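Q: To start, I am sharing the structure in question, which I have written as structure tokens.
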Amino acid sequence: MLVLGIETSCDETGIALYDTRRRLLGHALYSQVDMHRDYGGVVPELASRDHIRRVLPLVAQVLEQTNISLEAIDAIAYTQGPGLAGALLTGASIGNALAFARNIPVLNIHHLEGHLLSPLLSDPAPDFPFVALLVSGGHTQLMHVKGIGQYKLLGETVDDAAGEAFDKTAKLLGLDYPGGKLLADLATQGQPGRFRLPRPMLNSNDLNFSFSGLKTAAALLINKHKQKASTQTRADIALAFEDAVTDVLVKKSITALKITRLQQLVVAGGVGANSRLRQKLQHHLAGTGIVVFFPELEFCTDNGAMIALAGALRLQQLNEKPPGSDGSFTIKARWNLEDL
Ligand code: KG4
Ligand code: ZN
């Protein structure tokens, strides 16, 4: 079965075609990051308007690139939430209109379910059940994933998401938006051990996280050195920050694996692209028998492939083919993954 995936929850328009037999056939992505950079963050109205411009040309591009016609598609999967309401409405209305016109089923996908399942796009892929560390710009959660649609929240951030902390600290270091990757690049020049920042909730007896205090500690350190902040000092602070965040993410992930006694860890979401996080997890899990899975770098951040995949897996799970779209739809700007 051939599923067209549409992702428009934030500032990336992602389109993909996934076949339940042949797997990912093709995908295309347009990032609005250059447009939002001047504002230091995503401007929701600009994001919605841009998605309107991009969705159909990207669909045409993916169909052409895969040599598949719209008539051959069996179902449409689109991100129903969570995300920016106007941006979600774009994908929802185009997805439903296409499904209505073709009289094929439409699948409403949870954006975080897409992230959680994204390592299944790679080879080797994890088997259910596994622990998932979901680290994006908006979320930081540890999940026990038992199967498609069976997600148990083990812990989450009580304030800022890890990606948000990366972006805010990057901004304080004078880096462009979104700064997570730029901060990580700067940190590669840092001297280990020159500064040490706190590891919030490292020893709390739960699987929750907190990053807003760490961001404040980084802000104080940056201010203290402001007058003579050489590139080296900024790099040293970036490294101290990255080290603190990744230490907490690693320790809590390992605790989650111990508690659940699961042997597989999946890391998903934009911060999952962070090399230091990847290296530390590989290092700490070496020789334990636990295997860690990362999505391909291009599927860590928002994309259409993970939405098409989630739609295809959902479709396969159904006993009978769902009815075609009746043309009506809703979006869910806020949506708890456990409510699926
Ligand atoms: O999953 P994603 O594309 O969007 C959301 O659904 O939020 O994640 C974006 C986040 C941003 O905060 C970005 O700065 C962060 O992921 N990010 C990184 C890296 N690459 C992206 N953070 C740290 N290191 C990276 N290499
Ligand atoms: Zn995302």
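Cβ from N, Cα, C; glycine included.
The annotation Fe cation binding site is assigned in TrEMBL to H111, H115, D302. According to TrEMBL, the feature substrate binding site maps to L134, V135, S136, G137, G138, D167, G180, N274. Look at TrEMBL and you will find 24-308 tagged as domain 'Gcp-like'.
How buried are the listed features, and what sits near them?
A: Non-local neighbourhood of H111 (Fe cation binding site): E7, S9, T79, G81, P82, G83, D302, I307, each in the same chain, at least six residues away, with C-beta under 8 Å from its C-beta.
Remark: L134 (substrate binding site) has L112, H115, L116, T140, Q141, L142, M143, A268, G269 as non-local neighbours, by Cβ distance under 8 Å and separation of at least 6 in sequence.
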Q: To test your reading of the Fe cation site: which residues beyond H111, H115, D302, same chain only, put their Cβ within 8 Å of the Cβ centroid of those residues?
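A: Nearby residues not in the site list: E7, S9, C10, T79, L112, G114, S136, G269, N303, M306, I307.
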Q: Run through the Cβ atoms and count how many others sit within 10 Å of the one on D167 (substrate binding site).
A: 24
Q: Under 8 Å between C-beta atoms and at least six apart in sequence, can you list the same-chain neighbours of G180 (substrate binding site), or say none if there are none?
A: G137, G163, F166, D167, A170, G270, V271, N274
Q: Same-chain residues six or more away whose CB lies under 8 A from the CB of S136 (substrate binding site)?
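A: Expected: L112, H115, A161, A162, G163, A268, G269, G270, V271.
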